[in-house]
């Protein structure tokens, strides 16, 4: 604006804000001349405090990136092949790391596009003022922070000015409908978030927290990470914290305390500005939690030293990410060669010089913490530390992207015109945007620079870790890469941990345990043991093993339950077998003795036929022990069914026949001298056989209805502890069937006992009634003890052993009682007193009956008898009456022999 000085102030007040001269908005800016002008937005200063727009100078993110743009413009202007006959100028502004301030500054870029009505503007002398037309900005390189880029993009799109960012990575900016004039040479955070998810999964972390700076970059970055982690599965967000704008110290301390509430979530994903990163690290140190958190930093952290300056101990082990880059050697030479004399175009360079060398240039300098004066001869990288900032490559690539687009547009619109032609000057921003999106070239690091339909660059990242080196000085080390897939090397961790630290809500369950997930937190669970006969089917469920299976020791699968049977070497079996062996030997000995002395009076008087039958039954009672202990198979089970009740049946059938014969003889003898029927040996054998056939018939019916078979009973020894479970191999015979098989024999035994009781008063000189009676009484006691033991142990884990042992011992004892009481006295006489084994006079049936009658009367009380009867009976001596003897002999001859 050219006008009289007196009129300047009046004019400034009368023009609307959008028409204000550029100096009003950008009193401090870089401006270089060129045929075409590119705008630049850089965070030269940090965000101001206490209402101030700007804060401290940012040497790396601000000055280095700004100089990278100037370096790129110099290289382009010197290149004869790129934009020949065209030079590029620049208008670079400071955003002060604040979106609202950046918006005000960016109005400078649109002044040339605003049409102003100045018809009513006059100088004091009445002449029309002459306005200096501001330069037209064809494109803007920047901004850095995503929140700043979003704010600026909203106004640039109104004036169709293309924008190419070198550092803004918020996924929101990929929305081509809202930010259609925005492009970037760095990949969006959706790729960065995917890389972070892959890192966390590779490290085995499932429970992480997130920290974000308020604004698009932080919030959208965390949002993308959260969404991708849900899609990937296996990652849970413990806490998602947000650092507000203009945070106070208390805000950082509160955030750290909230992170500590979930102690197991050691991993912290942080999408935040440098200032917020420093604030969180500082609070962590104040909370004395150095080494507790495992930081995963976004590209705003990257390999920068400024966020961790003097906080290195807190940052050790941090894994950070940065779009893949290379150090640009040409820029290093350019930047380290800058001095106060050769870099007067950068209005902030003097401030940088003071900050970098810790000195003062002028007495008016704002630095009050040093009295050292700058000489101007200091050199960057020599008197000060220098390391190329991570985004320098992308600043250069952003500038070149616009340059290549302008080159292609000039070639198409001005084919025959060197330099900028009228068509190019009047071209709309949409035309340049089309050429930017179609640009494809090798960038400053040799990698290709391309844009997708949304203006995003492909995802290529380097992974860094802040590690302790051999010199004990921590520094960033490249530990991997991400280009669609993760490649990561071995990492180092705080406090010298060798293993990867854990960051999980719940520790993995042990084998055999299932996860019971906490509602709403799929990464948190309680471990529950698959108890009983369950095994771990998968990580969240248990299943019951089949009835014949049990879980293996670690409960990961089922295995067959071991099958057992009563073994010969078992203590349970040894007792029964020992008794059976003794019994068999004794039975064979008795039988052999009887066979050898078959015609002696004692053997004949015992009833040889029934004696041999009875000895056979006793022998079978002993033999059943071996069948009960033998390994069950079809043959063994069949023999068990046959011989289980047969031995007892034979024994008690013979005894019943004997006692019944004795009973019938003496009962009938009380009424008549006529002998009862069926008392001959043949008849006795026939009666005994008939009784035995009933048992055999029952067994045959049993065979027909239920053929013998073996089973494995898994319920009998199914203990609470599956490791103690056993399957019992046994015959398919139930307890009830056993009792039924023995029931007939028990019936014979009871009947025999009744007859033994009825014949208890028969004189022992005449028969075996009393020994048979004692045998049956003892046998009944044995079996009365057997019944409760047998059924009382039906639910015992040792059922097989107890019941088998009880049954076999009961049968052995029954046989032994019969053998001992009925045969051992006779064998004793036969062997040791053969003189007693001689023929005595035979008594007639009448004499036997008379003796029985006398015995019956003698058993009555004297008071119940007629006077003198007892004396007469006691004095009777049948042997003194010869006539009586002769009568008895004649009667005996007529009615046959009757020996007992």
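Cβ coordinates are placed from backbone N, Cα and C, and glycine is handled just like the others.
Just so you know, TrEMBL annotations never went through curation; they're auto-generated.
Feature annotation (TrEMBL): of 527-548, 549-570, 571-592, 681-702, the stretch labelled transmembrane segment is 571-592. Confidence for the domain 'G-protein coupled receptors family 3 profile' (572-846), expressed as mean pLDDT, is 83. Of the ranges 571-592, 642-663, 736-757, 811-833, the one with the most Cβ pairs under 8 Å to the transmembrane segment (612-630) is 642-663.
Within its own chain, the transmembrane segment (642-663) is flanked in space by residues 607, 610, 613-614, 616-624, 627, 679, 684, 687-688, 691-692, 695-696, 699, 738, 741-742, 744-746, 748-749, 751-752, 755-756, 758-759, 762, 767-769, 772, 775-776, 811, 814-815, 818, 900, which lie at least six positions past its ends and keep a Cβ under 8 Å from the stretch. Packing against the transmembrane segment (769-791) from elsewhere in the chain are residues 655, 658-659, 662, 735, 739, 746, 749-750, 752-753, 756-757, 759-760, 762, 802-803, 806-807, 810, 813-814, 817-818, 821-822, 825: each is 6 or more residues past its ends and has a CB under 8 Å from a CB in it.
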